[in-house]
Amino acid sequence: MKVLVLFAFAVLGCSLAGARIVSKCELKQHLAVVFNSLPDNIKQSGLSGGRFLAKVVCHVEQLSGFNTSAVTQLGKQSQESSESGSASDEGGESKPPNGKQRSPQKQGGISKKDDKDMTLYGLFQLPEGLVCSDNITLPNLCGISCNKLTDDDISDDISCVVKLLTDIVKNGFMTENSKKVWNVVKQLIDDKCKNLNQYFGEC
């Protein structure tokens, strides 16, 4: 079963290598491949079905607008950026340090108590420190550099999200950093998105 999931990620890496804005239907298709490859005991816990898939994709749309290079700074960094941006408006548009367009400030997968000096990356707006690191030598749950979450290949983004979901299902609050992981997962499965039965109507 693990081989099937890895194969699904390999297919994703090849098929989406040139994307920057991923369409709703495209993301649905590739997430469905990965979720359907999960073991039955994981799928039976709720990580399957059209409604669950619609929840995840809908929240991706809300969090990043399907932009693979979306970066959001929270807390102190975003306040400083806002102040410097206001000061530089007369001389031209300010840009974030990494040169990428920053998405509007959101809470993403981080609660208000945890959002100091935090940056969220990629389609799923995953938090640095917890799931990725700017310094790859530092430990993180997904074992990747944050830059990997903002490139055109979304297979590592999906792999990371699936790891967080399955860890919570299998280990509950025994999961490493369970509270922070649950905050991330909650953003993808809560009930903020409406009319989920019609969400994939154009697909």
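In case you wondered, yes, glycine gets a Cβ from its N, Cα and C as well.
All TrEMBL annotations are machine predictions without curation.
Quick look at what TrEMBL annotates:
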type     : residues : note
SIGNAL   : 1-19     : signal peptide
REGION   : 71-114   : region 'Disordered'
COMPBIAS : 75-89    : compositional bias 'Low complexity'
DOMAIN   : 142-160  : domain 'Glycosyl hydrolases family 22 (GH22)'
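Looking at the domain 'Glycosyl hydrolases family 22 (GH22)' (142-160) alone, the prediction's average pLDDT is 93. Here the domain 'Glycosyl hydrolases family 22 (GH22)' (142-160) is broken down by DSSP into helix, strand and coil counts: 10 helix, 2 strand, 7 coil.
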